[in-house]
Amino acid sequence: MDKLRPDAQMVQINAMQFIHLPSPDIIKSFGRSVHHYLGIPSWPVFASNRDPTMAEYFSAKSSNNTAVYATLYTGGTQVTPERYMQAIAALQPDMYVALADEVPGDARPKRVGQSVDRTIKWLDECLQHHQAMQQQLLQQQQDEAAAPLPDPQLFAAVMGAGSEQERQRSAKVAAERDVAGFALCGFGMGEPAAARPALMAAALQHLPADKPRVVVGLATPEEVLEAVAQGIDLFDCSYPTHATAQGYALCFPLQPQQEQQQQQQECADADCGADDSKLNLWSLQYRTDKRPLVQGCSCFACRNHSRAYLHHLLHTHEMLASVLLELHNTHWWLGFFGAIQEAIQAGQLQQYIAWFKQRRQGLQQLPEGLIEAGAGKGQSWHKL
């Protein structure tokens, strides 16, 4: 994982998966924080309240005013703010998102408003537990004279599903709370992709610019560019995870000078279920293809293996297929964020987005006027 630095900023975990098995008591028995449990003591950890690769909240009808119903790999369970914060206290992440009542993007207006009300109420409860947790950590360090633990930074969840009005209301209240940052939640849960820029803008206009903004659940490079243009600072790596699960290798050009090379390589063939952004390695056309996944890519998979070998591993259901594809796709995704950061530093973000828009097939149009000097930092973390 250290080879992902400096492009990857931190490791994302899903706090919900530490509610039951492993339980908070198990985490505590392994050391001073989740960093030791995972064997990544030098990596910052971001604990989100949702895994963007899972559908934990699609049973949202079972939630109530005191607890959210989450479907975990061990089954369904009710999670109260107190129970959620017990897990956070055991994990001791560097940053975490408060408990939220997430609902699908097509939820009815009454349910969306209820979701915002509950999320605000639970944020206040999480803040109370957060203050108690900080005092306990301080006392523990004074008593044991031990090395300092991370001081967890609380991010407020901004909800609203597919309603701009509710997103504005949620953001206004969250901005009034003493939090370290904001997490725009509820994306990638069935809302129309074309509506996401307006939904993000509705919330961001009410959030202070001097605190970091996180979004979890965006699915494509186009959506990332839309979010960076609006001022989002941090993103997850769920897109390469989804691509890997489907047997795709990312191959879209990261810089204008790469475009001609990619075209000469015939990066993807629409006849085999792919597009100009990824290779469908399930396709039989790669059965004897000796080329790397992407010519010139410096990842381990491209330096050592061919498309034919990855195709073979997929068809024989070898675990190594996912390992190698994840290596390549994460490397390529982080390279994409590196290109975005270079464009921001050079003052050419608008030109980069315009080039990306022009060359991508079926690219969604970015709303005019979104690209400003206050654009987000475009950083990514690696999802564990």
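If you go along the chain as it appears here, the first residue is 1 and each next one adds 1.
Including glycine, each Cβ sits where the backbone N, Cα and C put it.
Here TrEMBL flags C297, C299, C302, H328 as Zn(2+) binding site. Under the heading domain 'tRNA-guanine(15) transglycosylase-like', TrEMBL lists 7-360.
A simple way to gauge crowding: the CB of C299 (Zn(2+) binding site) has 20 other CB atoms within 10 angstroms, across all the protein chains here. Counting other CB atoms no more than 10 Å from each candidate's CB, the binding-site residues C297, C302 peak at C302.
Annotation for H328 (Zn(2+) binding site): spatial neighbours A249, L250, L293, V294, C297, C299, F300, A301, C302, criterion Cβ-Cβ under 8 Å with sequence separation of six or more. Other than the site residues C297, C299, C302, H328, same-chain residues with C-beta atoms no more than 8 angstroms from the centre of those residues' C-beta atoms, the Zn(2+) site, are P292, L293, V294, S298, F300, A301, R303, L327, H331, W332.
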